[in-house]
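According to Swiss-Prot, the feature disulfide bond maps to Cys251-Cys384, an assignment based on similarity to another entry. Taken from Swiss-Prot, the feature N-linked glycosylation site covers Asn102, Asn108, Asn173, Asn212, Asn227, Asn255, Asn310, Asn330, Asn383. The annotation S-palmitoyl cysteine is assigned in Swiss-Prot to Cys462. For 1-11, 465-552, the entry in Swiss-Prot reads topological domain 'Cytoplasmic'. Taken from Swiss-Prot, the feature topological domain 'Extracellular' covers 33-443, and the record attributes it to sequence analysis. Per Swiss-Prot, the feature transmembrane segment maps to 12-32, 444-464; the stated evidence is sequence analysis.
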Amino acid sequence: MGCSAKARWAAGALGVAGLLCAVLGAVMIVMVPSLIKQQVLKNVRIDPSSLSFNMWKEIPIPFYLSVYFFDVMNPSEILKGEKPQVRERGPYVYREFRHKSNITFNNNDTVSFLEYRTFQFQPSKSHGSESDYIVMPNILVLGAAVMMENKPMTLKLIMTLAFTTLGERAFMNRTVGEIMWGYKDPLVNLINKYFPGMFPFKDKFGLFAELNNSDSGLFTVFTGVQNISRIHLVDKWNGLSKVDFWHSDQCNMINGTSGQMWPPFMTPESSLEFYSPEACRSMKLMYKESGVFEGIPTYRFVAPKTLFANGSIYPPNEGFCPCLESGIQNVSTCRFSAPLFLSHPHFLNADPVLAEAVTGLHPNQEAHSLFLDIHPVTGIPMNCSVKLQLSLYMKSVAGIGQTGKIEPVVLPLLWFAESGAMEGETLHTFYTQLVLMPKVMHYAQYVLLALGCVLLLVPVICQIRSQVGAGQRAARADSHSLACWGKGASDRTLWPTAAWSPPPAAVLRLCRSGSGHCWGLRSTLASFACRVATTLPVLEGLGPSLGGGTGS
């Protein structure tokens, strides 16, 4: 059966709604990606009106500095030339707070700022307290000894006398707090008196004393307002477009960002570059794999094995030399000339002889490799852990008695992990606005398009059913007409061939008495035959009168 008038009206309304849904879905497919991109570009740039500005200014991600010390177990034996033996202690965990100040927007699409850091010890997250004692090399003594190796013997003997007078030894037993944030040492005052400007320390010497309650230098970075492709990239550091610590222009270049955010819309072909003031160099991390952090898609970037390779293994690093074994970087040129080396913890990815020279080292790829998980659409870190180790090169130096018979060795002092992960309300807001809503819009556009297509089929189906129903009724009428006709004409002939001959009596009876059957038939042939059959007798009766009227 066909659709009623009411059904056809409803089908038409659904068709209109379907057309609107299909058009809206198609428009969304074309426009939504562009709109999302525009919103991301608008809100990741460094501008007070952008949504990410406060996140950039006051980083809401809780950062933690976890420090592991290498406690020297056999200092006396080392002085006799035996192999060092160490035991890892820690972690000693500090909550790191960061905030930017002196924010100045410049006319060349850049912004300058100082970022200050403060650290607070976290006993609940630590394995030990800041009052724990650690035996470790005396950097001031052993570092100075290596620095004096090629000096005149007289000067070295004077240095030995000074060490003895001040009570300085090759190894010291200090608390975690003293090693981290500084301890008073008469040798520091002596060095500052006779070698002013050599040390960045005034009264105390500590490995992290420079970092607490201080800034990491004046950064000038691009805002991305005028050119989004340069957003967060460092223009200058402390007014310099390149440093002068190293021996090649490539190694002295300041590349990448300040290490907090990166340009948006990353791909697996992207690399992660940043300038590290602590390492005095730029570093490049490479894409490893895609992942998910708390429902948010991420790209994981890791350090290539060539990061700390020496020049013989990786020629571009030749500018960081003089080098020892591959896998450690000499940072003496930016660390008051002390023979300090930077590497991955436990000499991971370094020449195996380095770890074999010290008992107690166990490099592990999972535990000691650094990584950054970045949201590729915005360039914002979701989860990161930067792990580095600081070591001291020490050896016996003729003329300086405190060095004894120490065999040349790169002895680890400590390694640290600077980690942070987005959490809490910040994570929820980020997920809702940058993951959930785009995902809903992505699926909604296809749902609308599919729904529109389905609704558009309703009036089409209704029209098809109406046409099929009409055809079926016509077919039934034709069949019924032939049946009626056959009852009044046993010879199955519809009409004599002679023009205007009288119709058979059976036809007249059928057509006059069968109004319920024949008059209502829709068959063109049957209807025409019935009408002619009933009309001809009338015309025949009127013929003589019409003819007489004419004759008169």
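Each residue, glycine too, has its Cβ placed from N, Cα and C.
DSSP classifies Asn383 (N-linked glycosylation site) as strand under the three-state reduction. Sequence-distant neighbours of Cys251 (disulfide bond) (same chain, 6+ apart, CB under 8 A from its CB) are Arg281, Pro316, Asn317, Gly319, Phe320.
Across the fold, the C-alpha of Asn255 (N-linked glycosylation site) and the C-alpha of Asn227 (N-linked glycosylation site) stand 17 Å from each other.
Each of the glycosylation sites Asn310, Asn330 was scored by the number of other CB atoms within 10 A of its CB, and the lowest score belongs to Asn330. When the Cα of Asn173 (N-linked glycosylation site) is compared against those of the recorded positions Asn330, Asn383, Cys462, the shortest separation belongs to Asn330. For the glycosylation sites Asn102, Asn212, counting C-beta atoms within 10 A of each C-beta gives the highest total at Asn212.
Cβ contacts within 10 Å of Cys384 (disulfide bond), excluding its own Cβ and spanning all protein chains shown: 22. Counting other CB atoms no more than 10 Å from each candidate's CB, the glycosylation sites Asn108, Asn173, Asn227, Asn255, Asn383 peak at Asn383. When other Cβ atoms within 10 Å of the Cβ of Cys462 (S-palmitoyl cysteine) are tallied across all protein chains shown, the result is 20. Geometry remark: Cys384 (disulfide bond) versus Cys462 (S-palmitoyl cysteine), CA distance 60 Å. Predicted-model confidence for the topological domain 'Cytoplasmic' (1-11) is 66, expressed as mean pLDDT.
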